[in-house]
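> Here it is, the structure in full.
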Amino acid sequence: RWLTCKSLPPGALERIADTIADRLRVPWFSGAVKINVSLVPPLVLLPVFLHVAALHFLLGLIILTSLPVVVLWYYYLTHRRKERTLFFLSLGLFSLGYMYYVFLREVVPRGHVEHSQVVTLTCGLILMLAALSRAKKDPGYLPIPAGKEKPSHQGLHDKSIRGSSSGLHDISGAASSRAVNGEAKGYCRMSAEQPAGVKKDWCTKCQLVRPARAGHCRLCGRCVRRLDHHCVWINSCVGEQNHQAFILALSFFMLTSVYGITLTLHTICRGRSLFVALFYCPGAYSDYSSALSFTCVWYCAIVTAGMGYILLIQLLNISYNVTEREARLALRDNTGRRLLGGLVIDTGQYNRGLLCNWGHFLSLGASPPQRSAEDIV
């Protein structure tokens, strides 16, 4: 019906796509293994596009211009549907592996790259992958209450639930016994590291009380301590436990990528500075090997520019002790100040100066001080 341009029942194409995705499996000894469809496009299309782009300068210009547009379109598509996907993680990891393969196969044999430089590049890649592996671990998920029971007062609004003991499970009786004017004293008690006026709140989806700066990720379906954002490139949230590893992975990526680009350009465009060789390299398309290397350099430069912008925003946010989530909420509620041309949103809530802000960031993930049962309530 689709090929003959006839009308289809609602949701027919989605059901067909889901069926194909479920049947796409690889035979294995213990049974067929299901393949995530989002892993396949980067593995197949990226080498094809880069090899086609190396055939001619105009083809390279068209493909390298359209690739970021397609990636951004797919990002907004999945973001609007609130879907988790391995496409971006697969694209990032396979891009690293393929760029490293092209470097060893096309650039190193020319004899202008020393062994120590190859070792340095390889060590940078290994360190970046190690930091990425750490960033993929628990970002600081809040424990889900046993049974995820609904609060007893179903008709109350979220604001009426905040400050009330009706949503607490095991300790609701003890909290309500100390209630004054309908509010539990222990509920609104501020911890030592929380500034005055900052209250904990209630998550209706996870059915738990969130500490200050925690947030609910709609993609992961969990609450995360000091939630910064959900990063599609690692397919995980960035929170209190993995924010340092995330920054470290971005930093190692930037250093390794710039170093690899420099080595490649100095090999195929000898005698020219880095910036000039990136835009003017007359012998780049003299042979297919040089053309492929030059195309990969431009692909790396585009990705590095995007990741560099993300790293810059992260470093500025750390300097002002604000998370991406808090900046977004401040813009929505018009409670923040735009600084540095709008690159950073200062909420003023947690900003204690540059040194204190970085000291707070470097201490993330440390064991919190022990609290009494009354403070927890």
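Our numbering is plain: 1 for the first residue shown, then up by one each step along the chain.
Backbone N, Cα and C atoms are what each Cβ position is placed from, and that goes for glycine too.
Automatic, uncurated: that is what TrEMBL annotation is.
Okay, so TrEMBL annotates it like this:
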- 48-74: transmembrane segment (TRANSMEM)
- 86-103: transmembrane segment (TRANSMEM)
- 115-132: transmembrane segment (TRANSMEM)
- 199-327: domain 'Palmitoyltransferase DHHC' (DOMAIN)
- 245-268: transmembrane segment (TRANSMEM)
- 288-312: transmembrane segment (TRANSMEM)
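Could you give the neighbours, burial and distances for every feature on this list?
Residues 36, 38-39, 41-43, 46-47, 50, 71, 74-75, 78, 121-122, 125, 128-129, 232-235, 260, 263-264, 292-293, 296, 299-300, 303 of the same chain lie 6+ residues outside the transmembrane segment (86-103) yet bring a C-beta within less than 8 angstroms of a C-beta in it.
Remote same-chain partners of the transmembrane segment (115-132), defined as residues 6 or more beyond its termini with a Cβ less than 8 Å from a stretch Cβ, comprise 96, 100, 103-104, 108, 234, 245-246, 248-249, 252-253, 255-256, 259-260, 263.
DSSP assignment over the domain 'Palmitoyltransferase DHHC' (199-327) gives 68 helix, 18 strand, 43 coil.
Residues 99-100, 103, 107, 110, 112-113, 117, 120-121, 124-125, 127-128, 131-132, 134-135, 137, 231, 234, 238, 274, 277-278, 281, 283-284, 290, 293-294, 296-297, 300-301, 303-304, 307-308, 310-311, 314-315, 318 of the same chain lie 6+ residues outside the transmembrane segment (245-268) yet bring a C-beta within less than 8 angstroms of a C-beta in it.
Within the chain carrying the transmembrane segment (288-312), a Cβ under 8 angstroms from the stretch's Cβ atoms is held by residues 50-51, 53-55, 60, 64, 67-68, 95, 98-99, 102-103, 106-107, 247, 250-251, 253-254, 257-258, 260-261, 264-265, 267-268, 278, 281, 343, all 6 or more beyond its ends.
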